[in-house]
Each structure stands twice: as C-alpha cells, then as structure tokens.
Amino acid sequence: MAQPDPEPMSSGAGQRLGAPETLGISTLDPGHRPPAMPPGRHVTIRVRMLDDTEELFDISQKASGKMLFDLVCSHMNLIEGDYFGLEFQNHQKMMVWLDHIKPIIKQLRRPKHTTLRFTVKFFPPDHAQLLEELTRYLFALQIKQDLSCGRLTCNDSSAALMVSHIIQSEIGDFEESQCRSHLLNNNYIPDQMPLIDKIMEFHSKNIGLTPAESDYQLLEVARRLEMYGIRLHPAKDREGTRLSLAVAHTGVLVFQGHTRINAFNWSKVRKLSFKRKRFLIKLRPDLNSSYQDTLEFLMASRDCCKIFWKICVEYHAFFRLFEEPKPKPKPVLFTRGSSFRFSGRTQKQVIDYVRESEFKKIPFERKHSRVQYNSRVQHNSRLSPLPSPRHHEVPTESGVPGDRVDSPARRHWKESVLVSAEDPSVSRITRASPSHQRNGHDDRAESVSRTEDRRGSTRQAHPEHLNTGVVSNSPHLSASPGHSHGMVNGQKSLDLCSHSPDGRQPSPLTSPLLNDACSVRTDDEDDVRRKRFPTDRAYFIAKELLTTERTYLKDLEVVTVSFQSAVGQDEATPESLKNTILSTFEPLHKFHTGFLREVEQRLALWEGRSNAHIKGDYQRIGDVMLKNLQGLKPLTTNLNKQSEVLLELEKACKASRKLEGLCRDFELQKVCYIPLNVFILRPLHRLIHYKQILERLCKHYPATHVDFRDCRAALADVSEVVEQLQGSLIKMENFQKLLELKKDLIGVDNLVAPGREFIRLGCLSKLSGKGLQQRMFFLFNDVILYTSRGMTPTNQFKVHGQLPLHGMTIRESEDEWGVPHAFTLVGQRQSVVVAASSLTEMEKWMEDIKMAIEMAKTSNGPSSDLLTTNLTDNKCPEDSSVEAESEDDTTSPHTSLERPAPHRGNTMVHVCWHRNTSVSMVDFSIAVENQLSGNLLRKFKNSNGWQKLWVVFTNFSLFFYKSHQDDYPLASLPLLGYSVTIPSESENIHKDYVFKLHFKSHVYYFRSESEYTFERWMEVIRSATVPSSRARVLNSKEPHPH
C-alpha cells in the first residue's frame, strides 16, 4: 500500500513572489474570458450556490476541474475565489473536493446526476483579510448554513447574536412585530424558539447597520468560536477512544465531541502521512519533551485517511507558503506515494493580487431582503452575474415589494440558468435576471448618513465622508459598469464620497473599515483628520488621559465582571473573598465609569464634534480632573484594600486546590492578558498615571493659562494620595512578583516568605564539566536560585540549586576561564562560574549581586532553604522551540487525550529565557509607571498599507486590539531585546511620527498622530528596551526596598 510522502512542510516547496503566473490561478480577472475548452463532448454540470440556488454550466468532459471552477467564479465576478471550492459526493457516498488538476470525467462518474456544492474551503483566522465585500457576503452565507445545520456550535448568546446580524442584513432595522413574525417563519438555528426574545433584543441594538456591516459583524462573532470553519473527520486514538480530526490555518486539531482537546501547530509538524487506515503526524524533535515524535490515529478507511490528508496538504500550502508548490518530477520506472499537490494561489498571493489590482475591482451593492413571511422560501434572490449596461436606467417609483415574488418573471427566474462557456460575454447579458432588469422600479431608496463617531470605536476608523445606502427587496449582489457616473444598480447615487487620489471613485457601498486587513488604509484620511482636530499639546495630553482611562476601565472589568463570573460564583470561593473583591472594586468601577464619560464628553467638545461648538471654556481638562480626583478621595480606603484582596486571594488558594485551579484556568483566558495579581494592583498604579499626566499639563501651561490653576490643585490632591499609598504599593509589588514567580518555578517550598525581596531574574550560562549550559537565575535579597526549562508540558522552570548570599563573594573571571563576560560566585558551600550574554548584562548582574550581598550582611532575612529536595544540576538541553512573536503556541505534544496542568507560557520569565536577557524589580517598577494606550498605524517590513490598531503597552509588551472596545487582545509583542529607532531614509517611510521596532529579522513600523504621542510612545517603549539605572530610579521616588 502506498505511503504518501508529500513533505508539505518543506520550506523549499514555495518561493518568493514575483515568478510568472502558473496554471494554479483559480479565478479570472473581471472581463477576462475563461480558458479555451478542450475538444470533446460537452456535459451539463449542476452547481448549488451558497444561497441555495442552482446554476447549470456547459463544459467539456475533458476539461479540468479548474476550468469548471474558474467558470463558476467568472459567473459571479468573484476575485477572491481561492478561498472556495466545489465539493460533491463520490460513488462511495463520501464528500470530496473537486481536484483542479484532474479532468472532470475522471472525478464525476455520472455528471448529469451529480450536484456540486460551491462552499468555503479555506477559513482565514480573520475575516478582515478578505478584501472584497462580495467575498465577505459569501462567507456570511456559509456561516448562515453552518448555523442552520448545527455544524457551527456555540452558546445561546453567540447564536442569538449571529442570528440578529443575519436578520438585520435581510429585513433591515428592528421593528418588533415584523422581527417576531420573520423569526416565526424562518429557522436559522436548531431549536430557535426559546431564543427568539434574545435574538430580538440583540436585533434592536443593530439599528443603522447596513447589510455589508451586518455581514462583517456576523463574521466577527463567528471567527471567535471554537468550531468556526471546522469540518470534523471521525477517528480513534491508539486506545480506541472516539475522536475527530480537523484542520485549520494553525495546524491539525483534535476534538472530542465538539471540544478541542489538542492542537498540532504547523511549526511543530514535520510530516503528515497515512498508511492504510492509519493517519500519522510526525512532530519535529523536541529535546525537552519525553514524548514520542509520531502520533497515530485510526480512521474508518484508507479513503477517509486520504481525503483528510489531502485537505491538510492544501491548508498548509494555502496559509503557509508564499507561492503554489511546484509539481514533483515524474519517476522513470516506479511511483511511490501520492502525486497530489495543492493547485492554486496561496493566501499571500491572493491578498497581494487583490491589493495590487485594485483598479480592476467592480463596485457592487449588498441589499436588504424583505422576505415575505407567508412564503416558505427564505431567499428571494440569487447570486447573479453582472447585469447588462442597457438595464441601467433612471428608475421610477412604482410597484410594491410583494408584487415581485409572485410575478411570472420571478417564477421563471427561479428555474436553473444554463451558463455556457462558449461566449461568456453574451451569456452574461442574456442571463440578467428580472430582479436586475426591474431593480430600479421596485426599490425604495434611503439615504443613510454615517459619521465617524457613530456606534463607538467602529466609526472611528471611518473617513469623514458620508455614504449612501439603498434598501431594496433583494439581497443579491450587482455590479454597475457605469459606476464612474454615479450609477449604482440602476439608481443614481448621491456623490458624497470624495474621489481617491488617482481619480477613481470608491464604491459607495464599501465600508471604509474593510479596505485593509483589520482596518482602513488611512494615509490620506488621517492626514486630513489630523489637520482638522486640535493640534495643541494640551489636547494630546488630555487625549492620553482618555485612552489610558479606557484601558484602565477594561482592566477593572476583568476583576469585576470576568473574574467574578468565572471564579466568584463557584462554591469553592469563600464568601469573605467575594465580599472583599466586591466591596473594593465595584465602587471604583462605578466611579471610573462616570469619570470616563465626562472625559469623553470634554474631548468631544474640545474637538468641536458636538453641537455646541463652543471654544475656549471647553479646551481644558484640569477642571474635570480636579472635580473627579476630589470625588476619589472618599474611596482611598478602597485603594488601601488592594493588599487585603491580594492576601485574601493567596490565602484562599492555599486552602482550596479547586479554587487554585479555577484561578489558574482564568489566567489562561484571553481576557486575562497579564497576570491576575497585576489587575488587582491596577487602581494603585492608576494614581501614579494621573500624577504624571497632571505634571505634564502643569509643565506645558503658562501660569496665566485658564487651566493651570485647576491642574495644579488636582496635582496637589493626587500627590497627597500617592504619598500615602507609596509604602504599601512597594510592598505589594514585591509580594505580587513573588506570587508570580512561584507559579513559574518547580521545586520551591516557601518562595513567598516574610522579608524576602525579589531583585532580578534573567538568563546566564553556567559553566560545568559539560560546557556552558543555559540557565535561568533568580536573585533575591537572601539567595540565588538557578533553574532550567522543565521537561514537562507546563513549561515551568525546574530549580537545580540555590546559592545563599550570606558569606558569598563575587569576582570577574573572564581571563581565568577564557569565557567572555564570565564571573564567579563563591559561596560557603559551592562556587559557580557563570557567563552573561553581553558586557552590559554582566555589569547589571554584578552590581545587583554585590548590593544584595551587602544587604544580606546587615539584615536578618528569611531562611534561605527554599528547595523541596536536594537537586543536582543535571544537564537540561537547551530549548529549541521557536519564539512566538505574536501568537500563543497552542501545540501540546504526545497523545490527543493528554491534558497537562495548564500554565501560561508567555510570562516574563519565558521571554527572558528566549531573548537571553534579564529584568530587575526596578525595571518592573518603571514599567508600571510607563503604561500607555491609543491608536497606532502598524506596517510590516514587506507590506504596503498601514493597519490601524488599538495598542496597549504594559508589562514590557505591546498588546494589539482592533478597537478599544475589544475585551481581549488579538496578539502581543514582548519588547525585551527589541531596539526602538527612527527609520532611515533608505527605508522609504515617507511619513511623520514613525518609529521602528527591530529585533533580529523582525521589523515593525508604527505611526502616531502627533509629535506628543510620538514622543510618549518612544519614551515608554524605551523604558522596556533600554536598561534602567538603579540610582536614577531610586532617587526619583521613595527609597526602594532593594
């Protein structure tokens, strides 16, 4: 039996872009004719579209699958067709994808009796990567199908929310009786009746959303679900446990029921193959893992294995390669394995092609569908080809929506349409549906005005122009060759959109938010916006208050909402802990919600976006801060309780193993993007931020300014509170850091002890008889611990030994051992030779260790006996895993059912291990003070457009969101080891206020909106990337415990 050896993971399979186009291109440019048909008898192929209509295509039996697929895409004028495919049921009653390379006659045994389904084949992680509105509409139809058949499982709230967006796109804005009647006559999800009230509640909040925006919101909800894009393939593991395998953009997934229990990332997979009924996953060797490198799953048959193996090969090539892989040369004598390969453009090629060929895009329109409630047909429209230009006439107001459903023309159009490949231009004209021909006569036009501030942060990404939407009785897509004259689907649109710089007029129905991945291309729009808004430095200082307050309120909600719902309601949580958290954080959350509202209103007045347009009195922020900081004074007792919450939580976790597990699981949730204890200390840190903002305002204002007196009074108030809390804050920061380190270490008994203070952690190479070995060192005021990455799935660090500081001496020993940057720690019981990665690192370590030794001489510190057992320094091979820049690695090795104790693998300890650097407690204190958030434009080294993101800097990392309203970040970037500079002339970044982040081969560019925000981002990022001076920090604040 053949054992295919595709080696799809080979990096040599795909090359950089720029080579001539290959036969793998799966879609046609608009207006281009399909490839010439090979000679031979023609057959009629029936294709069912995503809107459940059927089309007939006349094609040669000898034509390849790709020719048929191109014909389908050409019929719809679909540019991004590579995300889709044609699937059908073969003679074994199994659903398979139409192979683009093989002739149709070899794949379809009975073409006349086979119906192919046009469906989504590749699901990208983010729907914003879909650049065409038509493509997003087709994806929305696919989600609608998956919901209806029960394939896309989710909780009731998510299901109701998605259905609300679907009906918003179909019937428009909420009207109670109409909505209820529509839901009673149309089922979108199994067992819909109990959720009708919840669906209507969500629908009432969607007022104003256009069909295109509803599609976008539907995909936004769907992409976050665990079963999004998942197609399950039944299998069993070696123990006979029933499982399901699936493939996604990240790799191969393992499910038990509808719960994902394991994932094998592409970066960890060396080879996929199958042998008879066994599907094999060969992993890359991991010296730190004791697991086998080949995993085996048993499927129902060899054909089941091959079908799943093929889709895995295609998924890997589509999402991971730059270019279509080249075919293997045919062997002269014998063949071994399968010759199957991915045929088509990769995702990178698709995105680049669409962006570079923007002038070829055809404008089209998404419309509401006023579904007739007495009809059993849910869709009264179809995916149709382009209408003929002759039908674009000025419409008249006549007819009613109900007339079209029962008309003879409509009944005739419900029949299948025959599409011939011989003359697509002619067939495109003759196929035009009556709904296109009469579209203008039955539609009711509504002018929808949308400003940039409407519906929260989503509107912030929109340019300032207005769009015109047309509400009609059909959700079909149509394109207008006469769009340059302001004609949209037969109706003359209001020319309210400004032309693009090259003279092209954008489609009036395309949402500006969707023009680029995750955001709008805002080069010119942002320049206009920047000129229109205030340029005073005080305005941008006040805006920093607004942006950071938004992030702070979200952080409070992690404790008051997310933690309370996940942990606080469990019976394992003591009532005393619940009451302490509730009484401490609820008043703070309520107060800052009101404060944020006032700041938002003041900034809106300052920018002149309200109806008041009053200048002068509203161009200040000091009065708002003074009023609210005085209102915060009665809550000082709540701020003093932060330490109580921290102690109470630690005490409860010690007493209850279940509660400890609940807290650990909560920290693994996306919403808890930094350690939980850091969120608990946020109210204390926020006072320091208020003080810094007021100091900058007082420094900027002259003494005669109208806002100076209020700012100075507010600064005096907040300084008084900060001074009162400073002592407890320093103690709590140290306590919080000890608790965090405790979770990262294995083999420590009593790390959190009275009197113990953390000083520095980082990577050093320890010299032994076997050479230099990478070790993680932890310096406290009484002892040094050295560890290595544990050989466990939890990625915790195993303690190998301890060095008490009492009686220790330290000396440089580079010349003695011939090792650069080496120094020796001479203890009473043993001596250790270590080497730093650089001279700077060596100096930082030696300075801190010498200071800690002096402290140990004069203080009665805690007992230095930390280890649970006597551990010897066995060799632990260096971790060979690749560092993740922006995504958490979800791969778990070994068998599918093993679920080791979860542990966050992106903590600062792990970052230091990967980047071979160190961090001190002083650095942590500075990082707490230097927090920032706001909108930035990001650009990768090899990309063209700028991507607008909401960025939060905290905990030495940048966290990226689509908007400030998101509950959790999309990705993160730890900054330790990075350098921040200004781009050089040779980099061709011809924009203002741009800074560059660089680490090895990783390069990112970021644009800010003003000189002040540019300086602030440079300042806070340098605090994470440039080592601090201990003397400078200690002189700038109260004496530090270290």
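Residue numbers in this text run from 1 along the chain shown.
Cβ atoms are placed via backbone N, Cα and C, with glycine included.
According to TrEMBL, the compositional bias 'Polar residues' annotation covers 371-383 (among others).
What TrEMBL lists as compositional bias 'Polar residues' is 427-437 (among others).
Taken from TrEMBL, the feature compositional bias 'Basic and acidic residues' applies to 439-465.
Sequence annotations record features per position, and here TrEMBL assigns compositional bias 'Polar residues' to 860-873 (among others).
The feature compositional bias 'Acidic residues' is assigned by TrEMBL to 880-890.
For 43-323, the entry in TrEMBL reads domain 'FERM'. If you take every residue in the domain 'FERM' (43-323) and average the pLDDT, you get 89.
Per TrEMBL, domain 'DH' is recorded for 537-728.
Taken through DSSP, the domain 'PH' (757-854) splits into 20 helix, 50 strand, 28 coil. The domain 'PH' feature in TrEMBL is assigned to 757-854 (among others).
Annotated domain 'PH' per TrEMBL: 929-1026 (among others), in sequence order. DSSP assignment over the domain 'PH' (929-1026) gives 19 helix, 41 strand, 38 coil.
What TrEMBL records for 1-40 (among others) is region 'Disordered'.
Taken from TrEMBL, the feature region 'Disordered' applies to 370-524 (among others).
Look at TrEMBL and you will find 860-903 (among others) tagged as region 'Disordered'.
The listed stretches are 43-323, 537-728, 757-854; of these, 537-728 has the most Cβ pairs under 8 Å to the domain 'PH' (929-1026).
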